[in-house]
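Peer 1: The transit peptide annotation in Swiss-Prot covers 1-17. Residues annotated as N6-acetyllysine in Swiss-Prot: 174, 206.
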């Protein structure tokens, strides 16, 4: 079995998931829309599961156990931001289950004891590739959504600094560039996750879009969001206005605000984008990045800033880099300092056992030795308890 599984490791990145029926196909924009009429079935609860589905009540006793998020809630809270392979797992198992892990519990403890009269505290999740930073961030987002926070979620900041489909000179500031398609897509997902807030929050300034259209002071923030969705040319400016209004009004105590950015290191460094004369565009010249940088400053109150630094998708960084100072660079590190670093490491023994048991309960491991202690030891050896590698190994067993 060891030789066979070793060969799988070498092939795991070469295999095309689309060729395997149990992995499903690439996720659509709303990853769980096809599950509207499906109800997750109850299974026997074992070591891998907990009946406590409220993140606010998770504690040390739940480490290594999976909790369930209803399909409807998943659609609302996570219209974007879930890892593609996790989306495949949701499709395959017909349920969405997140593992309770120590880094998320540490962060939950901090959030529960936050003094919101003080400036927003920055938390940075970091760790080696595949350790589960994004899913730990999703656990925090789910907690805040259940606590009725407004969620400002940037699922992968790296997508804003490379391979842009449409880049236009900003009408607001000629020194910057708009990304209308990226901005419009983000606004649609922001609306899905926060629709209940948008009619309640009133803009505190008048915003003029063109000679005929404007949003008056006191209008619902929903009007700004709709302007960006319906008039894609105005989407980048609409995002800037939304961020400005949220930052200002959360400080007034109107609502609690979570700023969650996956891959925040993309905000500093280099981009792949170029002007017409082929000269490079820097991140601060992109209006979306310029405005997002303002949101990760701790000069506002009434919320929290939870960030991840990630080598996945990053540009011009060593493949093995994972420490904040390595990925952020001097400018980014100095901008975010002070922050609370939270290491997301490989599974501990309890988490590893919970993951294996979860796969076994769902009949995901078909190899004849997968149920044995010998099989578990070989999976442990081959994966080194790395969550991402373990998931890929198990997908082909």
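Glycine is treated like the rest: Cβ placed from N, Cα and C.
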Peer 1: Of these modified residues, 174, 206, which scores lowest on Cβ atoms within 10 Å?
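Peer 2: Comparing Cβ neighbour counts within 10 Å for the modified residues 174, 206 gives 174.
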Peer 1: Reported as an integer number of Å, what is the Cα distance between residue 206 (N6-acetyllysine) and residue 174 (N6-acetyllysine)?
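Peer 2: Distance between the two Cα atoms comes out at 21 Å.
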